[in-house]
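Per TrEMBL, domain 'RNase III' is recorded for 25-121. Residues annotated as active site in TrEMBL: ASP30.
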Amino acid sequence: MKEIFGQIGRDRLKKRPGEFNPLLLAYLGDAVYEMFIRYHLLAKGQNRPNDIHSEAVQFVSATAQAEALRQVQAKLTEEEKDVIRRGRNAKSGSVPKNAKIVDYRYSTGLEALIGHWYLKGDTDRLTEVMKQIIEKLEGDRENGK
């Protein structure tokens, strides 16, 4: 998966990842997370856009992301937890439509961390944790959660 996340102009950034507004990190992280999920579903053999979309929604909801973060949080470094905290505490100005506010905040924290890893170029860590998240969410789906 990391081969699709080449440098894409990363060398032109004027700031280090930790200097970005956490909501910008989350904005980017949301796109990267979605890409991982779509790629995973394609690799599983899904080939109809409607099927991929329906299945992807179960992975990308704020509730699913918050639960995934809770499962991997103990394995994160202090720096990574700090990025999550900054993302979680950032005021977005929007209200979640289909999620509890606490889940929405946790999902924003996860997305900020993913954006941070991406901008940092840490595709190994990004891929490692995304694999854990996907395995966890797949397990939940198989167990009817």
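Using N, Cα and C of the backbone, Cβ positions are placed for all residues, glycine too.
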Would you mind giving the whole-number mean pLDDT across the domain 'RNase III' (25-121)? 90
Over the span of the domain 'RNase III' (25-121), count residues by DSSP class, listing helix, strand and coil in order. 77 helix, 0 strand, 20 coil
